[in-house]
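K.L.:
Quick one: the structure is below, questions incoming.
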Amino acid sequence: MESIQIQFVEDKQEFSRFPTKAGRRSLSRSISQSSTDSYSSAASYTDSSDDETSPRDKIQVNSKGTNDFCVKNIKHAEFGRREIEIAEQDMSALISLRKRAQGEKPLAGAKIVGCTHITAQTAVLIETLVALGAQCRWTACNIYSTQNEVAAALSEIGVAVFAWKGESEDDFWWCINKCINMEGWQPNMILDDGGDLTHWVYKKYPNGFKKIRGIVEESVTGVHRWLYQLSKAGKLCVPAMNVNDSVTKQKFDNLYCCRESILDGLKRTTDVMFGGKQVVVCGYGEVGKGCTAALKAMGSIVYVTEIDPICSLQACMDGFRVVKLNEVIRQVDIIITCTGNKNVVTRDQLDRMKNGSIVCNMGHSNTEIDVASLRTPELTWERVRSQVDHVIWPDGKRVILLAEGRLLNLSCSTVPTFVLSITATTQALALIELYNAPEGRYKQDVYLLPKKMDEYVASLHLSTFDAHLTELSDEQAKYLGLNKNGPFKPNYYRYTFPC
């Protein structure tokens, strides 16, 4: 596949009880099956806001006099701008891409509708797309992910944002619809995280795909639950780029990001001591590898569940015992799901967990833990902290459920900005590639990012570490049959990272 040529000039204890918020927000609220994770700050400025009026009931105008947005409070834009400026400091590669390409405006004429996590890091990506010539309308892929002040800052500069932290399910779909359904404006590119936006367009506005040039999807749920299934059924009517399986997304965001943020999310929500705790990690993909490595380093006793014999063998070779969940369900202190599947932890298994156990999810989909089965009259829910619920059984047993089964790190803590720079740069290049590709290069199918682009994204980030690449001599390049400038690995090459 030919690559595009662009010329460029993040001991159990008693908890303090926090008041439960009223209004549209409800403890029993559920969300779509694939909208669960979020690039979110648990320390968001607007988390402490006392204003419980739904943004849908407000009339807000930015300093330019426009009101094509719906955020928590446009007056907090100044705080969001500071957050964005801080994020830019650790996203130098994306800023470098912006400076190199903004003269050519490779996205001039692009109308991008996005459904991702709205945080300071995502804002740097959105502002980069705007600088490269695109018009953008944005909504959140998770009800807990949005940094309200960042959404306000984007709305202040004219980006149509429809999102706020703590949306209801109805709010979630309303925001997606408002993002798409704008008189006189029709998207020609989609940037999705989880497939909800793509699903909504197919369901409500199928004719809109006549003008859409391509879809860029970054999550395993969106790729496998929507794109590949649509392609297999012959219903994918535009080219799609699978960013999730690009090396720069999967091997860095999924692995290194989760290796650091799993501990942060658990500490912030529970203050748990990891040493000696028995933990089972469901899934040993890149996310599972990151989680297990972090927990092992902290002195936890870690088990792994897996369906794939290859991943299972990797786990064994990395020193973890591979088990079935039912074999350890009564003894473990913490369960972490990272599969992207559904019903990984069932009600029967939750019933058998010991008192004080912690259950959380690090996969994209909020269906991994059967939370719906816990909404029954015999069980009592007690909110003890933001995003922390004690589910109490009739005998007094408590199971600690984090983020209502949604993605832990992005709902309850933060993720490393530098890693998100890698993902955001990959997303930007994928959008540029699909938008500028000549007719016929991509058919109505799902594609991986060209290896040359993966290498380019990586090279942009090396200067952060003062890393100096060795260059092949002409003789060496000829001996290996490679171009001196890459790509250095074939598309089928599988990068492996030891834990």
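Here the Cβ of each residue, glycine as well, is placed from N, Cα and C on the backbone.
Below are the features I grabbed from TrEMBL:
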- THR119, ASP193, GLU218, LYS249, ASP253: substrate binding site (BINDING)
- GLY285, GLU286, VAL287, GLY288, LYS289, GLY290, GLU306, ASN409: NAD(+) binding site (BINDING)
- 28-47: compositional bias 'Low complexity' (COMPBIAS)
- 254-415: domain 'S-adenosyl-L-homocysteine hydrolase NAD binding' (DOMAIN)
- 15-61: region 'Disordered' (REGION)
K.L.:
Taking the residues the record says bind substrate (THR119, ASP193, GLU218, LYS249, ASP253), how far apart in Å are the two Cα atoms that sit farthest from each other?
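P.N.:
Answer in Å: the longest Cα-Cα distance is 18.
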K.L.:
Nearest to ASP253 (substrate binding site) by Cα distance: which of the binding-site residues GLY288, LYS289, GLY290, GLU306 is it?
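P.N.:
Checking each of GLY288, LYS289, GLY290, GLU306 against ASP253 (substrate binding site), the shortest Cα distance is to GLY290.
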K.L.:
Identify, among the binding-site residues LYS249, LYS289, the residue whose Cβ has the fewest other Cβ atoms within 10 Å in this structure.
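P.N.:
Relative to the other binding-site residues in LYS249, LYS289, LYS249 has the fewest Cβ atoms within 10 Å.
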K.L.:
I need the CA-to-CA distance for ASN409 (NAD(+) binding site) versus LYS249 (substrate binding site), whole Å please.
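P.N.:
Between the Cα atoms of ASN409 (NAD(+) binding site) and LYS249 (substrate binding site), the distance comes to 17 Å.
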K.L.:
How long is the line from the C-alpha of GLY285 (NAD(+) binding site) to the C-alpha of LYS249 (substrate binding site), rounded to the nearest angstrom?
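P.N.:
Each residue's Cα considered, GLY285 (NAD(+) binding site) and LYS249 (substrate binding site) end up 13 Å apart.
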K.L.:
Using the alpha carbons only, what distance in Å do you get between THR119 (substrate binding site) and VAL287 (NAD(+) binding site) once rounded?
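P.N.:
Here the two Cα atoms are 21 Å apart.
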K.L.:
Looking only at the domain 'S-adenosyl-L-homocysteine hydrolase NAD binding' (254-415), what is the model's average confidence as pLDDT?
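P.N.:
Taking every residue of the domain 'S-adenosyl-L-homocysteine hydrolase NAD binding' (254-415) together, the mean pLDDT is 95.
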K.L.:
Give the number of CB atoms, excluding that of GLU286 (NAD(+) binding site) itself, located within 10 Å of its CB.
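P.N.:
Excluding its own Cβ, the number within 10 Å is 24.
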K.L.:
Reported as an integer number of Å, what is the Cα distance between GLU218 (substrate binding site) and VAL287 (NAD(+) binding site)?
P.N.:
14
K.L.:
Which chain-mates of GLU306 (NAD(+) binding site) that are at least 6 residues away have a CB under 8 A from its CB, listed by sequence?
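P.N.:
Correct list: GLY283, TYR284, SER312, ALA315, VAL322.
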K.L.:
What is the separation, in Å, between the Cα atoms of LYS249 (substrate binding site) and VAL287 (NAD(+) binding site)?
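P.N.:
Between the Cα atoms of LYS249 (substrate binding site) and VAL287 (NAD(+) binding site), the distance comes to 11 Å.
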K.L.:
Rounded to a whole angstrom, what is the largest C-alpha distance between any two of the residues GLY285, GLU286, VAL287, GLY288, LYS289, GLY290, GLU306, ASN409 that the record assigns to NAD(+)?
P.N.:
22
K.L.:
Measuring Cα to Cα, how many angstrom lie between VAL287 (NAD(+) binding site) and ASP193 (substrate binding site)?
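P.N.:
Given the Cα positions, VAL287 (NAD(+) binding site) is 16 Å from ASP193 (substrate binding site).
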K.L.:
Count the Cβ atoms, other than its own, that fall within 10 Å of the Cβ of GLY290 (NAD(+) binding site), considering every protein chain shown.
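P.N.:
That number is 25.
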K.L.:
Within 10 angstroms of the C-beta of THR119 (substrate binding site), what count of other C-beta atoms is obtained when all protein chains are considered?
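P.N.:
THR119 (substrate binding site): 30 neighbouring Cβ atoms within 10 Å.
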K.L.:
Counting only other Cβ atoms and using a 10 Å cut-off, which of the binding-site residues GLY285, GLY288 scores lowest?
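P.N.:
Among the binding-site residues GLY285, GLY288, the lowest count of other Cβ atoms within 10 Å belongs to GLY285.
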